[in-house]
Amino acid sequence: MEGLAVRLLRGSRLLRRNFLTCLSSWKIPPHVSKSSQSEALLNITNNGIHFAPLQTFTDEEMMIKSSVKKFAQEQIAPLVSTMDENSKMEKSVIQGLFQQGLMGIEVDPEYGGTGASFLSTVLVIEELAKVDASVAVFCEIQNTLINTLIRKHGTEEQKATYLPQLTTEKVGSFCLSEAGAGSDSFALKTRADKEGDYYVLNGSKMWISSAEHAGLFLVMANVDPTIGYKGITSFLVDRDTPGLHIGKPENKLGLRASSTCPLTFENVKVPEANILGQIGHGYKYAIGSLNEGRIGIAAQMLGLAQGCFDYTIPYIKERIQFGKRLFDFQGLQHQVAHVATQLEAARLLTYNAARLLEAGKPFIKEASMAKYYASEIAGQTTSKCIEWMGGVGYTKDYPVEKYFRDAKIGTIYEGASNIQLNTIAKHIDAEY
């Protein structure tokens, strides 16, 4: 299968360009600042530079970033408001993600994927989030959690069975959290009891993202509660398995187009062959995937904040009060400069964590830093943007209030901000 960049570049020729008109409909894509347009990585060693800037990308990464930006503006932006109001992701958006190759970015071409870099995944999530954070997290979960776990821990048979489906048509869902297992995720109560060649799952899960559309559920259940978290094991459960019940989607503040549902398991029989990896290693797999996933969430929050910022700045440059532009007031200039600096810092933290992961270097502390900081900054940025736009920013006629609502989840899911601070402090303690 030809690479993602090639396919996207071919498709991009069919996409028309859109430019923001100040205070036009929020379906129109936002202005993009020059500072966020990074250059491709060209002749670095020839120029005597041994270490490229973090915002310098390979040709493939630049093509992916550019093509996903066009896809998001053309095919997602016109539907964002409707999807938010209806709490439903449009089928055309999901189909588009698969058709563009965005649901199997790092998966080997042997299984129908693209075989691109982890930073490519980060760039895709960031660009999608500039337009709609719901679509971004839909893509993020598939790539950083589901695909990654199967790629790393699946048997050859499991890879051959599931990866081609996950890259072309099937949505995956990661099932860890429970009513009594949120931040304390390994206090889960879902059981998996062995009966012959099967394991029988009983219990429930909460806050399961993408559950409404998922065809495959990666479920964490305990095969031996007497040994605590060391009994947690990963199971691959197909949607049509008898006894698996998917509840009504939650009515959420933000990320409304991304379904979040409770699940119930009533004597769900799962073949022993559907155990992912080793028995009792589920907690290790979950920790590992969440460490990577936190970089993905950092990218989501970064993109969300940048998208909101890009939409707002043209307004304050054109809005006239007291005979001059809002942007000409020094007090507002300082606020804008402060937010822009924070966005740049969040971007560098996120890209650095991604590059460390790609290089096989320790990255857990840096991933937590990126996730923590980007999430906090997303909340601050979107709040400021509403203030800068004034009354219109508070209405649903424009996207700023949605960015604000979507941003809040960043400090909560895939490890709350305080959990990230705990992780960072733990590593600092060990370093000294």
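Note that the numbers count up from 1, one per residue, in the order the chain is shown.
Backbone N, Cα and C atoms are what each Cβ position is placed from, and that goes for glycine too.
The N6-acetyllysine annotation in Swiss-Prot covers K70 (among others). When secondary structure is read from DSSP and collapsed to three states, K70 (N6-acetyllysine) falls in the helix class. Around K70 (N6-acetyllysine), a 10 Å sphere centred on its CB holds 21 further CB atoms from the protein chains shown.
The N6-succinyllysine annotation in Swiss-Prot covers K70 (among others) and is backed by similarity to another entry.
What Swiss-Prot lists as FAD binding site is 174-183, 207-209, R319, Q330, 387-391, 416-418, and the listing cites experimental evidence. Counting only residues at least six positions away in the same chain, the Cβ atoms of V137, F138, I141, S173, F174, S258, S259, T260 sit under 8 Å from the Cβ of S209 (FAD binding site).
According to Swiss-Prot, the phosphoserine annotation covers S183. The secondary structure of S183 (FAD binding site), as reduced to three states from DSSP, is coil rather than helix or strand.
Per Swiss-Prot, the feature substrate binding site maps to S183, Y229, Y283, N291, E292, G293, R294. Y229 (substrate binding site): 18 other CB atoms within 10 A of its CB, across all protein chains.
Under DSSP, K284 (N6-acetyllysine) is assigned to a helix (H, G or I) in the three-state scheme. Taking Cβ-Cβ distances under 8 Å and a sequence separation of 6 or more, K284 (N6-acetyllysine) has no neighbours in its chain. The N6-acetyllysine annotation in Swiss-Prot covers K284 (among others) and rests on a large-scale study or a structure entry.
According to Swiss-Prot, the feature N6-succinyllysine maps to K284 (among others), an assignment based on similarity to another entry.
The Cβ neighbour count for E414 (active site, proton acceptor), using a 10 Å radius over every protein chain in view, is 28. Annotation comment: Swiss-Prot describes E414 as active site, proton acceptor.
Sequence-distant contacts (6 or more apart, same chain, Cβ under 8 Å) of K426 (N6-acetyllysine) do not exist in this structure. Residues annotated as N6-acetyllysine in Swiss-Prot, with similarity to another entry given as evidence: K426 (among others).
Secondary structure at S209 (FAD binding site), taken from DSSP and collapsed to helix, strand or coil, is strand. Each residue contributes its Cα atom, and for K70 (N6-acetyllysine) and N291 (substrate binding site) these two points are 29 Å apart. Here the Cα atom of G180 (FAD binding site) is found 14 Å from that of Y229 (substrate binding site). Comparing the Cα of N291 (substrate binding site) with the Cα of every entry in S177, G390, E414, S417, these being the recorded positions, the smallest distance points to E414.
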